[in-house]
Amino acid sequence: MQAPTSTAVTYDEKMLANYVPIYVMLPLGVITVDNVFEDKDGMEKQLKELKAAGVDGVMMDVWWGIIESKGPKQYDWSAYRSLFEVIQQCGLKLQAIMSFHQCGGNVGDVVTIPIPKWVREVGETNPDIFYTNRAGNRNNEYLTIGVDHQPLFDGRTAIEIYSDYMKSFRKTMSDFLESGLIIDIEVGLGPAGELRYPSYPQSQGWVFPGIGEFQCYDIYLQAEFKAAAARSGHPEWELPDNAGEYNDKPESTEFFGSNGTYLTEKGKFFLTWYSNRLLQHGDEILDEANKAFLGCKVKLAAKVSGIHWWYKADNHAAELTAGYYNLNDRDGYRPIARMLSRHHGILNFTCLEMRDSEQSADSKSGPQELVQQVLSGGWRENIEVAGENALSRYDSTAYNQILLNARPNGINKNGPPKLRMYGVTYLRLSDDLLEDTNFKIFKTFVKKMHADQDYCPDPKKYNHELGPLERSKPKIPIDGLEEATKKEEPFTWNKETDMSVGGVALGFIGRILSIFKRTI
């Protein structure tokens, strides 16, 4: 007589429900600006070290400025195919970023990869294709959303360029998509790949914690605003002229000061238009991405910037200039999550490693509260949320903060935790990370992300099985997105993680080493 089959769930199977996959961002210049995969042997060696450490996969930029550099629709994917093959041979998964922005000019950029020359040449005769501040300074790291529907690029609009690029990627990388190597497509939607305006460019002299500047003074966005103001019955309204400069403090400006313009009918109208225009941009490009990758076993994702400075000021000035209309009584992030929900998308957020106590008091930073607000909004919209650290850190204090955000209420020894991030990406692979002491702490961090379980090759066991990407749901009317601005208290976070990588002493020593290495 055959023995009955046991259906009891083991302790390890229950713990796997708490598993959060961990990815590592590859170096910015792993494919050179000349489209060459230079150090194949060195990269393979480092990838094998990551694999041995239990890392689930890697994330990397797929630069528009490299792939389509020779001319319109002249794509050269060969170097990336070589790199993808090495990643696959090492047994890692891949999150691919459709990087439609320039590399260079932002925090952490150590190489320069401009957008394609043939696009920049259009800007030589028509500089309004680039984001523009009130003083008329152009920013060529990303095309203004004002040209999303302007056929200025060899007969194509900006959105058509992005769409064609993604379709070419799918066609050329079909074998890697079908084999399951590529699991995520993160769609670049702005500077640094983030859904935002380039409001704080280091290339134009911005330094932390400057409030930044609005970036809507190209002729296309100016015309759009004037048309919107006229439709609202206020043709006399103009774009702000009293919001200060990049490195101002909020209270020194008329726009962000006490009882400032941002609180008036005119100010609210502008901020609503400015933020909604960004939402529209993201929605339209994600719709094209959805069509391009329809039926593939991948998830789409979009990245949102962690603008934590001035978060604790009533005006939230730095968030507002970036396009996040977030105030104490208005949620500027949940509408993004709602927009993503129609595309079955993941919201990828930054600054997971930061604590309020590490920030200077005069910047009124609130990274912990910001992370809690954004993640809570995503979960309330029933979408997956992922995240990454903003700055390179190798200490247990930073890792423990990431672990806390990954499972805000800790692990559940009897099954899935109440709250769990979909995945975390560590920035980034470097010699510093692989240094013996740093890598030892990192390997412990990976194990804790995995809820003390070994690397799990079967995503089904931690509820990450990928089905074919379905078509985006119907467009959400603007009123539906506005409903999501109603502020709610975030979910409750535990004070500390229950999966700590080490004690206070280890965190302190690692933090000192991190600071020391950044200053030499």
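Cβ atoms here come from the backbone N, Cα and C positions, even for glycine.
Per TrEMBL, these features apply:
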type: ACT_SITE; residues: Glu194; note: active site, proton donor
type: ACT_SITE; residues: Glu388; note: active site, proton acceptor
type: BINDING; residues: Asp61, His101, Asp109, Lys303, His308, Thr350, Asn389, Ala390, Arg428; note: substrate binding site
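Of all the binding-site residues listed (His308, Arg428), His308 sits in the most crowded Cβ setting, with the most other Cβ atoms within 10 Å. Counting only same-chain residues at least 6 apart in sequence, those with a Cβ under 8 Å from the Cβ of Asp61 (substrate binding site) are Leu26, Leu28, Ile97, Ser99, Cys103, Gly193. The 10 Å shell around the Cβ of Glu194 (active site, proton donor) contains 24 further Cβ atoms across the protein chains shown. Asn389 (substrate binding site) is surrounded by 22 other CB atoms, counting those within 10 A of its CB over all protein chains shown. Cβ contacts within 10 Å of the residue listed as 'active site, proton acceptor', excluding its own Cβ and spanning all protein chains shown: 22.
Each residue contributes its Cα atom, and for the residue listed as 'active site, proton donor' and Asn389 (substrate binding site) these two points are 14 Å apart.
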